[in-house]
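As given in TrEMBL:
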type     : residues  : note
TRANSMEM : B:6-31    : transmembrane segment
TRANSMEM : B:43-59   : transmembrane segment
TRANSMEM : B:65-88   : transmembrane segment
TRANSMEM : B:100-122 : transmembrane segment
TRANSMEM : B:142-164 : transmembrane segment
TRANSMEM : B:193-214 : transmembrane segment
TRANSMEM : B:226-256 : transmembrane segment
TRANSMEM : B:268-289 : transmembrane segment
Amino acid sequence: MRGLERRHWRWPAAGILIVGALLVPPLAGLGEQLNPDSSAKFPIFLGTSALVLSLWAISYNLMLGYAGIVSFAHAAYYGVGAYTVAILFQRYHVPVLAGLALAPVVAALVGFLSGLVALRAVRLYFSLLTLAISQLLYAIAFNWYSVTGGDNGIHGLELPDFLSDYSILYYFVGAAVGVCLVLMFSLVRSPFGAALLAIRENRERARSVGINVRAYELAVFTIAAAFAGVAGGLYALFEQQAYPEQLYWTANAQPVVIALLGGIGSFLGPALGAFIYTVLDNQLSKNFAYQFDILLGGIVLAVVLLAPGGFASVPDLIGQLRRRFSREAESAVAESSGHAIEASDPGRAARIKAIQADRLPADTREPLLVIEGLSRHFGGLRAVSGVNLTVHALDRHAIIGPNGAGKSTLFNLITGHLKPTAGRVRFGGRDITGKPPHMIAKAGIGRTFQITMIFPKLTVLQNLQYAMLAHRGRTVRPFGRADRMYRDEALDLLAAVGLGPYAELPAGLLSHGDQRAIELAISLALGSRLVLLDEPTAGMSAFETQKAMELVRRVAQEKNLTLLFCEHDMEVVFGTAQTVTVMNQGQVLTQGRPEEIRNDPEVKRVYLGELEETA
Amino acid sequence: MSGGQLLLFVVGGLSNAAYLFIVAAGLSLVFGALRVINMAHGSLYMIAAFVTGVVANQLGLTLGFWGGLVVAVIVTGLVGALIEVVVLRRVYGEEHLVQLLATYALTLVIAGVVRTVFGANYRTVKPPAAINFSVTLAGNSYAAYSFFMIGAAVVIGTGVYILMYRTTLGRNIRAAVSDPELLSASGVNVARLYTVVFVMGAALAALGGAIVAPSQAVNASMDTDVLVLAFAISVIGGLGSIIGSLVGALIVGEVLSFGVQNQYTNPYAIAFVFIIMVIVLTIRPWGLFGKAEQT
């Protein structure tokens, strides 16, 4: 899995798997010659089955392992693929190979339509809906006798002559699976794949760097359905049948178990899982069918529970084991003491070309963000109430106020994470009120969050690279290598913020302070015209705070970024801001230049005095 | 459709709703307090149905069903406690992905165990002798057992309500939903409370399974059948809401009852349930009575 150290054994292991797969028919033939009682047909048949299963499971892993989606409908698309071939052949006398070509199209269509419905719901509800959709498709296959053959299914498909030899059929299926795997492999390494990983790691962060989460989820759901359709079509080819139980939701146990067996953290892992599964299935499922279910469940449970921290940490576990043998990485982690920012180089950060927000002349101080009568009520609580606020281009604008004044709510209203109850937000002349977060991010508003929001299992470098890819709209590309894009720019920025030594480490391993630095770097990397910083220096020491704010100020100045930040540290506020807005109880109390605010008696009474007394 | 027929379908729908409500209420109770969607809920229901069948057929017609019901609730409750301690405890607070896969694995294990222990054959369970008769209303004959199911759901639903809103245990459970840390700080053993909640959920699944046993054939695919419907109810009514379970169960129960009346719609009765689900989700993605979850 990307996000961990490079695995040097990956390519040799893949080579062994591929050579092993190629050798199945000759080895089976050899076995037949050595032992005349055995038939080469059976092992080759099992091999074909394992190939199809690996395609099915790897397509499932596109969702599970890469995008973090649990679907219980994958068996349905596999079944749709098989039925496409079978129905076209039996009712319309379409040759099976033509049917096979159509199988992914039909499966993708069904996947797209059902995904459109299921993805209206979020996470948990989504999984429940896929289960319902799966059972609905099963009900159709089971009951629509005139088309699907009902509970009997469809049997007796005829293959073209050249595929009648089972070795050739094996290689044919192998070639089809191989083509699909190459396509999927290129997909997961592409910028599109990077967007999926970002979504898996942190949906909110993904949104706020400009990723349309729903659209990407629908896309991967549809793509996975298409490949499941190919797998189902191939199944119909070599088994020469299709039957309703293929669609039943419990049939999803197969891709789930196979993906977990082989390891969802690696691309080809499920292929190994498919091989093991096929052997187990062949040995056990005839005589011990019920016990086989128990074994499958046991495998899933074991993987989910025994990996500390649960299933999602399996890749971590492997990474940790490897790290033990890598002194370099170990010492780097130990060094992540949370003070990276102390080593930052504001001048260098300000010279990085990739950060660019100068889309307007540097000297204009026109209104950039205009907020009018903005309100958000939670039940009876008026978190933000009738706020009017104008942020001028190139300004460094601070919002201060006691806890509960509505600062974070205001930020969330601006960035689309919350929908306003009333009021307007205009940015650069465009009305962005109520727009989704990814569109607002794309429009040029970047942000940090009060709680650290990064992509924990991706490397520090990837955190920046993928954010840059997403924000520049590159993640729609399903080809190319994401890890090679914006690499130099990202490394440059990392060095500038003092994170250089940790570039190749999973971001989640770094200490809290350094994760704050990543968060800051992401918000700067986007080159947004307006950057919202929600308590950027929370938890930093006085020296770190000074360095961090110097960095932010230098970058903002050089790159024409406009800053809007809220902060409790008055030294930061008065040292950085050019304009200060004071909020209290959801409303704007006053606004002015820092020295005006400092001397405003009303502000002193409400806020500053109170703070100084406690300080 | 005549008035008599209409009544027939309505009563049929109510008796569907009765057992579905009991099962879905258990699912909702567990989700509400533990934030875990238990995919093995239907498996617990199936265990109870099989246990009821075995015990009832041993004990005979007078006492059999009642004995089966009691034993089923006890056995299923114990299985529930085991599951909570061995599996669920480790996945609280984890991603949904982990929770779904862990409880999904349990459905596979339990399905295998049930088939190994009880076999995959259908079993029939006779209603208790005292309510094994039929009544005629408006020209149609009704099994008295249908009314028993409806009554049982009312009693159990009331019981759950009293437990949640009139007892200390219920108050603690509701407090655990909103702030487990505060509850823990005030001296309540939250870990044990969670076990109790899960066992209560399992007991509700068991009551549903035991009560449904005499009204349909007990078989090894009951787990899936009821799980799909319980999920549909939860999605319509809103996960974690007991009232939502009631409304969802009434909708699903009646839709199924009216859907199967016609030979053309019969095989697709379940499709209507899903269509309603989709409509509800389009308007309120968190269900009729659910609370919006942060995306």
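Cβ coordinates are placed from backbone N, Cα and C, and glycine is handled just like the others.
Residues 23, 65, 67-69, 71-73, 75-76, 79-80, 106-107, 110-111, 114, 117-118, 123-126, 202, 205-210, 212-213, 218, 220, 222-223, 226-227 of the same chain lie 6 or more positions beyond the ends of the transmembrane segment (B:43-59) yet place their CB under 8 Å from a CB of it. With pairs at least 6 apart in sequence, the transmembrane segment (B:100-122) and the transmembrane segment (B:6-31) have fewer than 3 Cβ pairs within the 8 Å limit; the two do not touch.
Only residues 6 or more beyond the boundaries of the transmembrane segment (B:100-122), in the same chain, are considered here, and those with a CB under 8 A from a CB of the stretch are 36-40, 42-44, 46-47, 50, 53-54, 83, 87-88, 90-91, 217-220, 223, 227. The transmembrane segment (B:193-214) shares more Cβ pairs under 8 Å with B:142-164 than with any other stretch in the list B:142-164, B:226-256, B:268-289.
Sequence-distant neighbours of the transmembrane segment (B:268-289) (same chain, 6+ residues past either end, Cβ-Cβ under 8 Å): 228-229, 232, 234-239, 241, 243-244, 247-248, 251-252, 255-256, 259-260.
Same-chain residues lying 6+ beyond the ends of the transmembrane segment (B:142-164) with a Cβ under 8 Å from its Cβ atoms: 8, 11-12, 14-15, 17-19, 21-22, 25, 29, 127, 131-136, 170, 173-174, 204, 207, 211-212, 214-215, 242, 246.
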